[in-house]
Amino acid sequence: MSKQIQIPDIGSDEVTVTEVMVNVGDTISVDQSIINVEGDKASMEVPAPEAGVVKEILVKVGDKVSTGTPMLVLEAAGAAPAADEPTAPVADAPTAPVVATAPTASAIVEVNVPDIGGDEVNVTEIMVAVGDTITEEQSLITVEGDKASMEVPAPFGGVVKEILVKSGDKVSTGSLIMRFEVLGAAPAESASAPASTSAPQTAAPATTAQAPQAAAPDTTAQAPQAAAPDTTAQAAQSNNNVSGLSQEQVEASTGYAHATPVIRRLAREFGVNLDKVKGTGRKGRIVKEDIEAYVKTAVKAYESGATAQATGNGVANGAGLGLLPWPKVDFSKFGEIEEVELSRINKISGANLHRNWVIIPHVTHFDKADITDLEAFRKEQNALREKQKLGVKITPVVFIMKAVAKALEAYPRFNSSITEDAQRLILKKYINIGVAVDTPNGLVVPVFKNVNKKGIIELSRELMEVSKKAREGKLTASDMQGGCFTISSLGGIGTTHFAPIVNAPEVAILGVSKSSMEPVWNGKEFAPRLILPMSLSFDHRVIDGADGARFISYLGSVLADLRRLVM
């Protein structure tokens, strides 16, 4: 009896399949890893929920999947195979690769990007050259998306006649990448790819090798609107149909803009002059996000009555914000320079941080907490547990988490999120706290659930386990969702104070710096006390300055006297 196996609960986000770890015909056992998936800064292996024989694999490397997505068909061990079970993937299988068969004549056939999800990805490597003889499933190009890279295989064999992409190009599902001369293939009158496994000789003109093309077989006629190589013809098309923005923003481009035809079409639809947009892609290429950010900024400026006084390039230059343009400086005139590409995580986190900093009106309060007694108690408990060989080490962060949870109960406005229209407040009845963890792969913020209901030892053990998972890159999407408040601790590195940026949609964040001994007047004399510097940043739309002061003062009092945690 065959059974369809689905992706288990991995959170609400889509993830990318980075490796298929079994083959059709394999006999697998319970909990054997089937596929590897990777989300935003986290990867995991998906185990088999039951044993059996793999009859069909429904996903491939590069597919976007989420909870409930079918990934393979499993036949229970010892079950008789179904008599009418097909021996090859049928043409309408949504995710099964389709392979060309039984060609009848030599022809030029187009090769398109298979189904890799809805996002655009970067071409990072061309793995073949014109004239190469390619076999089926041989890797053609390497593409890289958000924290995941994959190789795009050849759907059929042939000789490479033309390569239509280069390193740095943005491609997506259905993008034309190469043309093959296929010996014995039926002539392709348009952009039709190789025929599917069913009826190869009669279905060739109408059935393509890849699902994205099935809805549009005549892609030759649509080439000016698709991601085709003819950028010259694409760039020369008229801009007379644009409307909606200022004359300066919609005027025809007078210079060369580094953008693909699909981006040029998007710019025309929005009425954007590409000369005004700064590209953030590889080698300054303009990508979809640049267009969206430019339009969003221009619309905000229009709605607020502001006028762009600058003619700089895009959001980074203050376009639409009434700011002076970003200065263009030839730094090489002053000495030797080196220009390096920002990492993908730098670009992604930078965009989020910039959005949060620009949209959220930040206020930061600074204060100090006396943690002399807390630190003495912590060291005493660690020494006791070391003797008992319990394998649990209590860190200052755990006490700070408990103190923050107590403060969130006392000041529930800090445990909220503002709606998108900034008209209502969502008060949360749970307390989940995110803790920033520095890892070799970058900064991640795992979320600890129901901190107010857990004890110091339980939280310490959980912190150790989660930190290990973070360093090994094994955090799942659900591990980093649902936060109410974030703690960013630089105590192990240094600094006295810093101003952390609120992690939207949260409304506050606590920055913790390095503690040090300071003389404190106790009414009779100066006594050495261990002092912890704290920085509280909050959204001023939600929290007043007075409430911010009350929150951080209350937090300091709890850290100074742990007895308040049980009250």
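Every residue gets a Cβ built from N, Cα and C, even glycine.
Residues annotated as active site in Swiss-Prot, with sequence analysis given as evidence: Cys484, His540, Asp544. Positions annotated as compositional bias 'Low complexity' by Swiss-Prot: 192-238. Per Swiss-Prot, compositional bias 'Polar residues' is recorded for 239-249. Annotated domain 'Lipoyl-binding 1' per Swiss-Prot: 2-75, in sequence order. As annotated by Swiss-Prot, domain 'Lipoyl-binding 2' applies to 108-181. Marked as domain 'Peripheral subunit-binding (PSBD)' by Swiss-Prot on the basis of sequence analysis: 258-295. If you look up Swiss-Prot, you'll see Lys41, Lys147 marked as N6-lipoyllysine, on the strength of similarity to another entry. The region 'Disordered' feature in Swiss-Prot is assigned to 192-249.
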Averaging the pLDDT values of the domain 'Lipoyl-binding 1' (2-75) gives 84
How many Å lie between the Cα of His540 (active site) and the Cα of Cys484 (active site)? 17
For the domain 'Peripheral subunit-binding (PSBD)' (258-295), give the DSSP counts of helix residues, strand residues and coil residues. 24 helix, 0 strand, 14 coil
A correct count of other C-beta atoms within 10 Å of the C-beta of Asp544 (active site) gives 12
The one of Cys484, His540 whose CB sees the fewest other CB atoms within 10 Å, among these active-site residues: His540
Asp544 (active site) to Cys484 (active site) - Cα separation in whole Å: 18
With DSSP assignments reduced to helix, strand and coil, which class does Asp544 (active site) get? coil
So how many of the residues in the domain 'Lipoyl-binding 1' (2-75) end up helix, strand or coil by DSSP? 0 helix, 40 strand, 34 coil
Per DSSP, how many helix, strand and coil residues does the domain 'Lipoyl-binding 2' (108-181) have? 0 helix, 38 strand, 36 coil
